[in-house]
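In what follows, a structure is listed as structure tokens, so that the remarks can point back to it.
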There are 2 protein chains.
Amino acid sequence: MQNFVSSNYTVGILGGGQLGRMLIQSAISFDLNIHILDPNPEAPASKYAHQFQCGDFRDYNAVVEFGKYCDLITVEIEDVNTDALRTLKKQGKVVHPDPDVLDLIRDKGNQKEFYAEKGLPTAPFKLYPSTKEIIGDINRGEIAPPFVQKLRTGGYDGKGVQIVKDTRELTELLQGPCLIEQIANIDKELAVIVAGSDHNNEITCFPPVEMLFDPKANLVEFLSSPADIDAETAKEAQEIAVHLYKEMNMRGLLAVELFLNKDGSIWINEVAPRPHNSGHHSIEGNLTSQFEQHLRSILNAPLGNTAIKKPSVMVNLLGADGEKGPVLYEGLDEIMELPGVYPHLYGKKEVSPFRKMGHVSCVAETREQAIALGREVKEKIKVVAKK
Amino acid sequence: MQNFVSSNYTVGILGGGQLGRMLIQSAISFDLNIHILDPNPEAPASKYAHQFQCGDFRDYNAVVEFGKYCDLITVEIEDVNTDALRTLKKQGKVVHPDPDVLDLIRDKGNQKEFYAEKGLPTAPFKLYPSTKEIIGDINRGEIAPPFVQKLRTGGYDGKGVQIVKDTRELTELLQGPCLIEQIANIDKELAVIVAGSDHNNEITCFPPVEMLFDPKANLVEFLSSPADIDAETAKEAQEIAVHLYKEMNMRGLLAVELFLNKDGSIWINEVAPRPHNSGHHSIEGNLTSQFEQHLRSILNAPLGNTAIKKPSVMVNLLGADGEKGPVLYEGLDEIMELPGVYPHLYGKKEVSPFRKMGHVSCVAETREQAIALGREVKEKIKVVAKK
């Protein structure tokens, strides 16, 4: 029999942020040897890796050199050198997700064309080489605001995306190759995390979750598991996510963010081929956490059961507006007194406005109780700079 | 307001075994800086400490030097240099548990006298400087087998303890200062884990668990949470454990192993002032894990709620009889397919008979289902040496 886990097997992770940190927390139980590559010597995962390599995951040589000492290479960020990953694959290393998937996903234009080609539902869109052509199309009456503009590359955590409401805003268009798409008439924003394994050829989904955004920072600040949707909608969301996963022919997690429109249709919004903010609640809320599932998937081990253990809510701990300096978690003592509340601090020493500093999971007996607990946490804790 | 947790606060742990390893896994979420002192460079916790110091926690100088760079010092093993801890206390370091508690606990004779003095229920006993005096007492007809003989110091995981059934076995008596005690007429073996905090002056207990032993290795091999006892018995077990905790005037966890006798009385068997095998299930089974609770307690932070999230069973992964060499977890793939099953491998590279190599937590909707799952796990997995 094959042993999927042991300290003799080395998994290299490109990126040492909070996702790498929580992957390590999970990998400890499986006794995996974890190496991390990140340019920041103080990266959240740096202290817990068996081997931390300070270097740039966007640099070809750094990634190839790093991979030399790994059996398997995975990522916690999309923006990595995929040519280096191709070289490592040729050398016989296991690489999940595949470099082709990373290239596809990191260009939102290619992503949208892929959806269209594979019959996957997404907002109607058009690609543009620059803003000039958008204005040309508007002048010719072919398109008109309101629409969403997205830069094809480089966007992250809501950056590189904007809603253009009317023609007065055209001077504010983001510069560079981009796409515009129809604004969804959103009822809810959902997310489904998928994982597959060659073991039994399984593909599993986590139950859909519902996201609520901070309108100012355009970051998820509040997430509820399970989503408040009917069983049929949940099934459809999962089917779309699995369909996409199969078309991408990938291993490891794929987080799929979806719009549930007011007319009941579902559109794929964005995807991430790695552990994702929309799965943090699973650490305490589900039978298997997304981090453990990612490890099981890239190892082609049996997948874990994703069923909900308890309804949960995830509250992002973002730096408060205007706060910059050494971090202080104001009210942490108060939330630590609440039953079923789990703070996860990412070890970042400096806070800045809307920076992701940690998250808090809240579990309860019912969805309503979990939401109430999440609201209480959100009111009590504030991430500020030390005075 | 006080911040209990942050990467600027350094907790030093004497001992880097699996308990230290799981303490770190928990401390990551609180962003605590963890230093470890252990003589084994390959100790299970060594790779995950912010600072790993290879040295002997029984050595005065090693402990004092190690403590210099810590704000707080705690233990994951009792057998440490308590004089060094006293020195560190005098230097203004926080030390939990207190060196006096460690000294008291590590001598089973003193422990028993302490129980007697404080009115805490325990098996009737008598102390002996050596076996000669035991035989003298037997010859004078003052005592007679059957009885339990325990060495006062050095016992661990069932070593240094034996049942003497009749006088033919007297040549086998353990040599050294010891005690003998009446054999309990055991209905069940229970354990209760207690923690206290200056924050709100709380003392909390985990719900009692029930232990089943491997008769050959005298190690817990199976544990069920909650114990199958009535509410009144559970309350009494918790009251005894809290009474003991208060008398010891301690901080950090105290694991209290108890005999529930067939006549309904409860006796304290043994105690450990640290995270304990009887609390491993709490990682997945309870709202707060014992490791997080230990950290909360030694930091005098608010204590976590100990309520059961799901009924659970903990199966120890012991090296199989006759197996010695590089470890292989036979059947790991099979148990990874079971929902609600959580393997925790301790990263020990070499297996030997009955060595604790890991544990598996199993959670389910009911106690009966959790027990059935635990049995299935126990049947499917075997820790052997690679052929």
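Even glycines carry a Cβ here, placed using N, Cα and C.
Given the structure is predicted, the values throughout are model-derived calculations rather than measurements.
Taken residue by residue with DSSP, B:Asn269 (ATP binding site) is part of a strand. Same-chain residues at least 6 positions away in sequence with a Cβ under 8 Å from that of B:Asn269 (ATP binding site) are, in sequence order, B:Thr122, B:Ala123, B:Ala184, B:Glu189, B:Glu257, B:Leu258, B:Phe259. Marked as ATP binding site by TrEMBL: B:Lys108, B:Lys150, B:Glu189, B:Asn269, B:Glu270.
Under the heading domain 'ATP-grasp', TrEMBL lists B:112-299.
Of all the binding-site residues listed (B:Glu189, B:Glu270), B:Glu270 has the fewest other CB atoms within 10 A of its CB.
Maximum intra-site Cα distance, ATP binding residues B:Lys108, B:Lys150, B:Glu189, B:Asn269, B:Glu270: 19 Å. By neighbour count, meaning other C-beta atoms within 10 Å, the densest spot among the binding-site residues B:Lys108, B:Lys150 is B:Lys108.
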